[in-house]
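**Student:** Below is one structure. I have some questions about it.
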């Protein structure tokens with residue numbers, strides 16, 4: 001876990017520094033380092049990433065060339081196409097190539113080809129080649145750093161849950177290292193993971209379009225439910241971590257005026273350090289891959305909450321929590337909860353779990369009802385517009401938007 005965390009922290013810092021100093025995006029804040037982590041787990045990952053990114057790029061080019069779509073719609077098309085091609089390629093590789101295994105966690109990386117293609121599309125055409133070369137150079141450098149970190153930590157044997165030294169990690173067999181720990185069990189079927197992710201993206205975009213309300217993350221909530229099914233304390237670790245990271249990035253923003261990718265980088269690094277600390281001091285061992293991704297999720301969730309208007313932050317938290325309850329209920333209907341997972345219907349405080357879940361759903365419905373009441377309909381919006389009383393045949397000279405001769409002087 002420490003090697004994966006070190007790769008992510010270095011990659012995030014390098015990407016943020018290059019983006020700030022030169023304007024190159026290198027795919028995105030966390031795209032390259034996460035690609036390196038996936039490469040150590042499965043060497044076919046770069047091929048999958050390249051194929052999916054090329055497909056997303058083609059979709060973005062066609063959309064911008066032949067339609068008037070722009071902004072968020074273009075971004076979503078790139079993410080969807082990249083994710084679909086990525087998942088299909090991984091499933092095909094697992095069927096055709098012996099030893100290629102599909103894990104629940106791999107779905108996290110499926111959105112990054114679309115993000116990388118979108119970031120590349122936004123650059124000036126003259127800068128795209130340099131950006132691609134920078135991505136390759138940074139990737140190779142991170143792979144070299146990762147190999148050194150894996151060797152060093154394999155010799156040191158730190159008391160943390162493994163990520164890159166699991167028996168299912170290809171880097172173990174390639175480097176001749178001794179595997180550590182047990183393979184992470186495959187709990188949720190592929191089709192169910194994809195289904196709840198599609199549902200989450202649809203709900204996320206609908207809430208954002210209707211109420212301009214950001215939730216925890218585009219795919220964060222259902223994946224948090226998947227990881228909680230494996231390890232019962234996941235949601236608690238996330239809640240505490242996201243709260244801590246939120247206050248950290250709020251303080252950093254207040255003190256330095258950092259924003260955008262740089263502030264996201266601060267949140268991600270803080271979240272990864274937090275999850276690594278949990279891995280060092282936890283009394284009950286948790287899967288390393290779960291803690292690793294929860295660290296990333298805390299940074300993303302805290303940053304997204306920071307971008308929400310203060311008066312709407314409570315609503316964002318409650319709606320996100322209600323979505324978690326809904327997705328977890330769906331998972332419980334189709335999946336047998338392992339002994340390490342959270343089973344609210346099993347032995348224990350069943351009534352307490354059900355009461356908390358019902359309360360979160362009720363509060364979220366109330367928040368959405370309040371947001372709906374506060375959203376004006378199209379007729380009211382048009383009536384209150386500054387252009388409602390505009391006269392097409394009015395004298396242009398009377399417009400306050402046109403400078404007079406005295407003002408021109």
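Any Cβ shown, glycine's included, is placed from N, Cα and C.
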**Student:** Any idea which of 22-42, 43-63 is down as transmembrane segment in TrEMBL?
**Tutor:** 43-63
**Student:** For the transmembrane segment entry in TrEMBL, name the matching range from 100-120, 163-183.
**Tutor:** 100-120
**Student:** From the ranges 2-20, 287-305, pick the one that TrEMBL records as transmembrane segment.
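**Tutor:** Feature transmembrane segment in TrEMBL: residues 287-305.
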**Student:** What same-chain residues lie close to the transmembrane segment (235-255): Cβ under 8 Å, and 6 or more beyond its ends?
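**Tutor:** For the transmembrane segment (235-255), the list is 216, 224, 228, 263, 266-267, 270-271, 274-275, 278, 286, 291, 294-295, 297-299, 301-303, 305-306, 324, 342.
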